[in-house]
Amino acid sequence: MKSLVRQAFHQEIPSWIQEVPTVEDNWSPCLQTLEGHTACVTSVAFSADRKHIASGSKDNTIKIWDVITGVCLQTMEGHTDWVTSVIFLPNDKKVVSGSVDETIKIWNATTGNCDESLEGHTGAVQSVAVLSYSQIVSVSHDQTIKVWDILTSACIMTFRGHDEYITSVATFANVNIATGSGDATIKIWDSSTGACVQTLKGHIAWICSVAFLNSQQIISGSDDETIKVWDIATGECVQTLRGHTDSIWSLAVVAPGQVASGSDGMIKIWDIATGACIQTLKGHTDYIKSIATMSPDGIVSGSHDGTIKIWDLAIGPSERSSDSHSRLVQSTALSLDGRQVASGLTDDRIKVWDLETGTCVQTLQGHSDFVTSIIFLKNGQIASASWDGMVKVWHVDTGACVQTLKASNAVYSIASSAHSKYIALGLKKKVEIWNVTKGKCIWVLDDTGFVNSLAFSMDAQQLVLGSSTLENTGKITIWNIATETCTRTLEGHDSEILAVAFSSNGRYVASASADSTVKVWDVAEEACLQTLVGMVHRLSFDPRANHIIYSDIGIIDLDLDLDPRSVATELGDEPLLRRHVATRGYGIDKGHEWITKDGRPLLWLPVEYRSYTSVIVESSIVFCKSGHLLKMKFLDPEPDTQLP
């Protein structure tokens with residue numbers, strides 16, 4: 001036990017926690033994680049005195065945070081659409097925000113009141129920046145740059161010149177303005193005249209972010225996954241930085257000659273002179289939308305994962321196990337004997353973990369794009385589906401790919417029949433059924449919509465599909481494999497279907513949807529027996545008991561002694577029986593913030609231990625985040641244990 005903190009509090013660990021996850025050997029450079037927004041964090045900014053952080057979000061709000069305590073001091077509401085950009089004015093008394101609602105608002109940072117709303121853009125305001133003590137500049141999807149006098153609230157100048165929407169803006173020394181656009185160019189403007197003094201061309205996709213390095217150089221990030229350093233005078237690209245695997249959403253100068261970039265869940269620190277990445281920070285679980293600099297060794301980041309993180313660059317990255325993934329975990333699967341877990345990721349690898357020891361026993365490589373879905377087959381082999389349009393069958397012991405099935409396009413979901421003879425693949429608008437033994441596609445279902453989930457009946461005679469319609473509602477269809485016909489259509493969900501499952505007797509289908517409901521259907525009657533309110537991402541019936549469903553939030557006991565005709569409302573479109581999901585056993589709540597027992601919060605999970613993919617094996621919970629297998633095992637709490 002290397003952790004001094006764990007040693008100090010070892011006696012405080014409840015006796016019913018039988019196994020705890022491993023602890024990092026070194027401190028993480030992430031000093032603090034701020035939570036409170038209910039959607040993607042789009043923008044972050046430091047106050048001039050570095051005591052406060054402002055954040056904007058897709059939840060339409062701006063929040064002010066105390067840097068030291070992490071407490072949210074103020075929440076500003078007033079925008080009618082998501083906030084794209086926030087800045088502090090130089091005196092720190094005001095905060096400026098831009099929004100998709102086409103307005104710019106000026107807020108009192110102390111009271112949270114909106115002092116002024118600036119209108120004039122005819123498209124979403126994408127970015128705002130301070131030009132001088134009394135002026136700000138904004139850019140918009142309407143292809144204009146506007147300079148505003150914040151004392152009079154008047155627009156004093158409008159620039160035009162880009163051929164597409166404008167995404168980002170930066171200023172330097174109250175004189176120069178730089179803008180990035182969907183036309184893949186960066187333009188430098190003279191703020192006093194509105195004249196474009198330079199156009200920088202070289203990116204092959206739209207510009208996501210721009211920042212001035214100094215009076216001679218500017219840096220840009222693009223959807224082409226590169227960062228370019230430009231000489232303003234000559235208009236030439238003097239350096240191209242590569243290393244991210246997605247759009248460069250944010251850039252910030254952290255020190256002379258050093259820049260931070262945010263992209264694919266990671267922040268990279270670059271040495272501009274050499275073009276080398278000198279540090280990589282991992283911790284966010286989704287795209288980095290914004291970065292702001294606090295000091296030469298301190299930055300703050302806002303992410304699509306809804307969190308804000310404060311980083312100490314002097315600590316350096318924590319040393320991760322070489323067995324970990326380098327990117328986000330996309331899918332997990334449990335072996336049929338419950339001894340192994342496989343995790344697939346956006347770095348196109350699959351890792352197989354021993355549940356008892358928590359060690360990686362095999363790394364499977366061969367896909368050329370990220371892995372979307374994994375299943376264990378009856379013979380112990382693994383089948384993996386990928387955006388590269390390939391399904392690969394792997395021998396776990398040797399790590400060898402023993403079979404490759406080439407689908408017609410990217411594969412999003414995969415299911416196997418009970419005997420593993422057939423595999424069904426969910427594609428963007430169709431489903432393919434393959435005979436694994438022969439390696440041949442034997443049936444194609446067209447015009448199915450986007451298929452998120454699919455499952456065979458136990459006898460492999462039927463296939464259930466969970467798909468999304470053009471209206472973004474969920475539709476469930478049941479197909480007879482022998483006749484290749486759709487025999488049932490089950491409708492009632494208000495959003496996409498996340499998971500479907502057949503009961504072992506084939507009589508019932510369970511479906512989980514993004515509308516936060518689980519529905520249980522009588523197949524023969526095409527009727528919904530029960531609607532359970534709760535967010536579930538994974539579910540399966542107990543093969544021995546049709547009234548038991550295993551899910552990521554716990555075990556669900558069903559009341560199936562119902563005549564479906566007796567539970568219909570007068571309108572006939574909703575079952576009378578609608579209740580919140582009641583679970584038993586261990587699970588994880590819908591926010592991934594708590595481990596639950598019998599549906600009640602049991603153990604709070606710090607942000608760095610949260611996961612979007614988890615596997616529950618009796619009293620053990622295994623969850624993966626950024627490639628780490630984290631396992632916790634519990635004994636049943638004593639009867640007198642006080643749960644939260």
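Think of each number as a place in line: the chain as shown, counted from 1.
Every residue gets a Cβ built from N, Cα and C, even glycine.
Note on the repeat 'WD' (34-75): residues 81-88, 90-92, 95, 97, 99, 107, 109-112, 286, 289-295, 300-310, 607 of its chain, located 6 or more positions outside it, place their CB under 8 angstroms from a CB of the stretch. The repeat 'WD' feature in TrEMBL is assigned to 34-75 (among others).
Within the chain carrying the repeat 'WD' (76-117), a Cβ under 8 angstroms from the stretch's Cβ atoms is held by residues 39-40, 42-49, 52, 54-64, 123-130, 133, 136, 138, 140, 148, 150, 153, all 6 or more beyond its ends. Sequence annotations record features per position, and here TrEMBL assigns repeat 'WD' to 76-117 (among others).
If one looks beyond the repeat 'WD' (118-158) by at least 6 residues along the same chain, the residues whose Cβ comes under 8 Å of a Cβ in the stretch are 81, 84-87, 89-91, 94, 96-106, 164-171, 174, 177, 179, 181, 189, 191, 194. For 118-158 (among others), the entry in TrEMBL reads repeat 'WD'.
Mean pLDDT for the repeat 'WD' (159-199) in the predicted structure: 96. Annotation comment: TrEMBL describes 159-199 (among others) as repeat 'WD'.
For 200-240 (among others), the entry in TrEMBL reads repeat 'WD'.
For 241-280 (among others), the entry in TrEMBL reads repeat 'WD'. Taking DSSP states H, G and I as helix and E and B as strand, the repeat 'WD' (241-280) has 0 helix, 24 strand, 16 coil.
Per TrEMBL, the feature repeat 'WD' maps to 281-321 (among others). For the repeat 'WD' (281-321), the list of distant contacts is 24-35, 37-46, 50, 53, 55-57, 65, 67, 246-247, 249-255, 258, 260-269, 328, 360, 607-608, 610, 612, 625-628: same-chain residues at least six beyond its ends, Cβ to Cβ under 8 Å.
Residues or ranges marked as repeat 'WD' in TrEMBL: 322-363 (among others).
Per TrEMBL, repeat 'WD' is recorded for 364-404 (among others). Note on the repeat 'WD' (364-404): DSSP counts are 0 helix, 22 strand, 19 coil.
Sequence annotations record features per position, and here TrEMBL assigns repeat 'WD' to 490-531 (among others).
Beyond the repeat 'WD' (364-404), the same-chain residues lying 6 or more positions past its ends with a Cβ under 8 Å from any Cβ of the stretch are 327, 330-336, 340, 342-352, 410-416, 418-420, 423, 425, 434, 436, 439. Counting residues per DSSP class in helix, strand and coil order gives 0 helix, 21 strand, 20 coil for the repeat 'WD' (281-321).
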